[in-house]
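Record features, source TrEMBL:
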TRANSMEM  23-47  transmembrane segment
DOMAIN    39-288  domain 'G-protein coupled receptors family 1 profile'
TRANSMEM  59-80  transmembrane segment
TRANSMEM  100-118  transmembrane segment
TRANSMEM  139-162  transmembrane segment
TRANSMEM  194-216  transmembrane segment
TRANSMEM  237-256  transmembrane segment
TRANSMEM  268-290  transmembrane segment
Amino acid sequence: MDVNYNNTYLILGGHVQLAKYRYLYFSMSLLLFILIICSNTVVLYVIYAHESLHKPMYAFIAALLMNALFGSISIYPKLLIDLLSATQTISRPACRLQSFLFYVYGAIEFTLLSAMAFDRYISICRPLQYHSLVKTQTVKLILFLAFCLPCCKIGIATILSANIGLCKFVLMRITCDIYSLVKAGCGDSTVSNAYGLTVMVLSILPHVIFIAFSYTRILSICLRSSRDFRRGALNTCLPHLFIFLNFTIIAMFEVIQNRIPASIPHIIRLIVSLLGVVIPPLFNPLIYGLKMQAISQCLKALFKLK
């Protein structure tokens, strides 16, 4: 590989035994991608098509599913191409773009999960104030900020990382991420690291604290209420809580394996790096489709199931 090509392209060197299992990896990834696209699209269509689901809670669910599609589309097409290619390379601008999209996907996910906790908290803990606090305009504003603010925060981090010259042109990953680009740099990365750490903390910790507070209050209300009230509250809250815990654990693993030295086996790093675009996008529509009674009934009607 000549010098000019090496300065323009990066090598994604994280694949494991690709020559031996190329077509198996490709088939599994393609099947996952198709399942993710189909399952999320079907639930989105059901929410859009049924006026009874045009409520704040389902608007947030729809936004969460749209974000899953957004995150998957930012990773899978390039991954599928690489699995069939002789060399796994990516241009530096394309690598920055993929890093930006992947980080934005994660930040939006936490913001939307926090918005959903807010909706459930008001609905269960302050039901008389629900319609005055959770108006259509309020929901639109929350959704706008949920998508806009992460783009601004991650955009600045991407620009800062782009200003650092690269000394290494092989990333031991199968996808790009901002922190790996910063680590591959040979310039002063103090500002980029400090800003990145600040954004990471602000993108996760406040949402985790708020969601924990919301569900503590919801649990307190449920324990003092009737059995029917508890059942209704749990039917709407448990899917959201499960998805939140699932995504938080995956995000923590990704942060830890990125920041800890190379003592973690490479295969573990590889699996962890993909969990965020495998488990949430695949299981979120299944969980909401099966556990949310209103959506489940609409799905049964769509597929004419009894």
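The backbone N, Cα and C atoms fix where each Cβ goes, glycine too.
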(Q) Just to confirm my parser: what is the rounded mean pLDDT across the domain 'G-protein coupled receptors family 1 profile' (39-288)? (A) 89
Q. Sequence-remote contacts (6 or more beyond its ends) of the transmembrane segment (268-290), Cβ cut-off under 8 Å?
A. 14-16, 32, 35-36, 39-40, 42-43, 61, 64-65, 68-69, 71-72, 75-76, 102, 105-106, 109, 172-175, 177, 239, 242-243, 246-247, 250-251, 253-254, 257, 296, 299
Q: Could you pull out which residues elsewhere in the chain have a CB under 8 Å from any CB of the transmembrane segment (237-256), counting only those six or more residues past its ends?
A: 64, 106, 109-110, 113, 116-117, 120, 124, 200, 204, 208, 211, 215, 218, 272-273, 275-276, 279-280, 283-284, 287-288, 291-292
Q) Other than its close neighbours in sequence, what residues sit by the transmembrane segment (59-80), given a CB gap under 8 Å and a spacing of at least six beyond its ends? A) 26, 29-30, 32-33, 36-37, 40-41, 43-44, 47-48, 90, 94, 98, 101-102, 105-106, 108-109, 112-113, 115-116, 119, 139, 143, 146-147, 174-175, 243, 276-277, 280-281, 284-285, 288, 292, 295
**Q.** Other parts of the chain folded back onto the transmembrane segment (139-162), taken as Cβ under 8 Å at six or more residues beyond its ends
**A.** 56, 59-60, 63, 96, 99-100, 103-104, 107-108, 111-112, 115, 118, 178, 181-182, 185, 191-192, 195-196, 199, 202-203
